[in-house]
Amino acid sequence: PASLGVSKDTSYHLWGPLAGPGAAGSHTAAQGRLEGSQGGPPGAREEPGEHLGGIRERGGRGVKQGVEDGSAHLEADGRVNTGHAGVLLVERRGSYPLIDLRILKTSAQQGGVESGTRRKVKRQLSFQRYCHASRLLRGAMPNTPGSLHLLDENYLGQAAHMLSKVGTWNFDIFLFDRLTNGNSLVTLMCHLFNVYGLIHHFQLDMVKLHRFLGMVQEDYHSQNPYHNAVHAADVTQAMYCYLKEPKLAEQLSPLDVFLALMAAAAHDVDHPGVNQPFLIKTRHHLASLYQNTSVLESHHWRSTVGMLRESGLLSHMPADISQDIEQQLGSLILATDISRQNEFLSTFREHLDNQDLDLQLASHRHFILQIALKCADVCNPCRVWELSRQWSERVCEEFYRQGDLERKFHMEISPLCNQQADSVPAVQIGFISYIVEPLFDEWHRFTEPSSLSHTMTGHMHKNKARWSRLRYANTPSDSQAEEPEGGGRGGEVEGIS
């Protein structure tokens, strides 16, 4: 640790009690190693790793993603191997949307493999970095956090006023994004880090923090109607509301808050705008890399780790602590894989039935943060109608774009992606019924229930009823009205990821 510029006293300061909201000062296992004590009950530290099943058990074999210089990869136990002296040599790799349909079509029809040169270029140069470089070469002004000073002072004043109400559930993230000139994610994260005192507590370098957040925001694809940086900011704002829940707030450690906000901000980074089944059936390299399991979530996590290391945000921390943070971020991000919904929901329900959740335990707090992130990720139906409707239309537009691509290249159209058969009301009613309601019913029980939980469930029921009225108002016959909800049941889970 001394060689990394962090003394034992400084290391203790990183993990001591947090002066601010949600501070409990609970020790983690990493903290226990620093102080020579055990941070929880035996086996508690292994819990986050257990939820990394997609990497530890299935993805570990053959995940050594080598670049020719021997750069970082995931070992079979799920840890990130950084090569020499903890230095990250690998470049971040994007999923490279817009998807190269000529390559996809050739591969799908002939089973061919891309040339080594083209594959190498695609893996090392993300679409966003290419566009960013092109803008710079043309002399255009990049839309980055550094351009905030170009904003009119009136807009900045309105954005600051909105931030004073960032903990309210009717926070309009679309308006906030306009007021911040498209920098809602960076602005929101910096504000929340200040609210919780995380910059001082973890001794974060402000330049590195802005660099990291800028990379995260840039690597969301603005051309995606739904999976973009505004969605990430919306999920982060929802997570902040959940962190303030009375049942949870006073139990959280500084590390819990840091992980929750970071995971919320980066949980969909570099999302290609298509779902996992599309990547699998087009033989996309990410599907091969992650062996068709939690493909997108694994990529979001790996991209986040790459950006953390490229920015050097955690470089002042001992290597074992920074790797522990990377592991727990992976556990949280992988929990957003909606195909694992029943797994998490049944475990959550069992804990509530048995009344055995102990938030003094780091492992139990971590599990609740996983559930909170899952709730934040799908909370759109629980917003006020004006916001919920916009998100619903955006996600369906993204589905329909995928369906149009599949139709164009003579592929089977994925569930929920056929604009002629899957109306927005039908998709939303099914999504609320099979995904949102079961999850938020249990969250309602967990919060005992809180005022926020009452508000969210109230909006959810009103929005579902409104979608039902719209669905039947636009349906020409009763026989056709019955079909979409039942027919969509098998595709609800895959389509939204």
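Including glycine, each Cβ sits where the backbone N, Cα and C put it.
The active site, proton donor annotation in TrEMBL covers H227. Sequence-distant neighbours of H227 (active site, proton donor) (same chain, 6+ residues apart, CB-CB distance under 8 A): Y220, H221, D268, H271, G273, E398.
According to TrEMBL, the feature Zn(2+) 1 binding site maps to H231, H267, D268, D377. Packing around D268 (Zn(2+) 1 binding site) is summarised by its Cβ count: 25 other Cβ atoms lie within 10 angstroms of its Cβ, all protein chains included.
Annotation source TrEMBL lists Zn(2+) 2 binding site at D268.
Residues annotated as domain 'PDEase' in TrEMBL: 151-474.
The feature region 'Disordered' is assigned by TrEMBL to 18-66 (among others).
Per TrEMBL, the feature region 'Disordered' maps to 474-497 (among others).
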Apart from the site residues H231, H267, D268, D377, the 8 Å Cβ neighbourhood of the Zn(2+) 1 centroid comprises H227, A232, V235, A264, H271, T336
Candidate with the highest Cβ count within 10 Å, taken from the binding-site residues H231, H267
H267
Give me the non-local Cβ neighbours of D377 (Zn(2+) 1 binding site): same chain, 6+ apart in sequence, Cβ-Cβ under 8 Å, ordered along the sequence.
V235, H267, T336
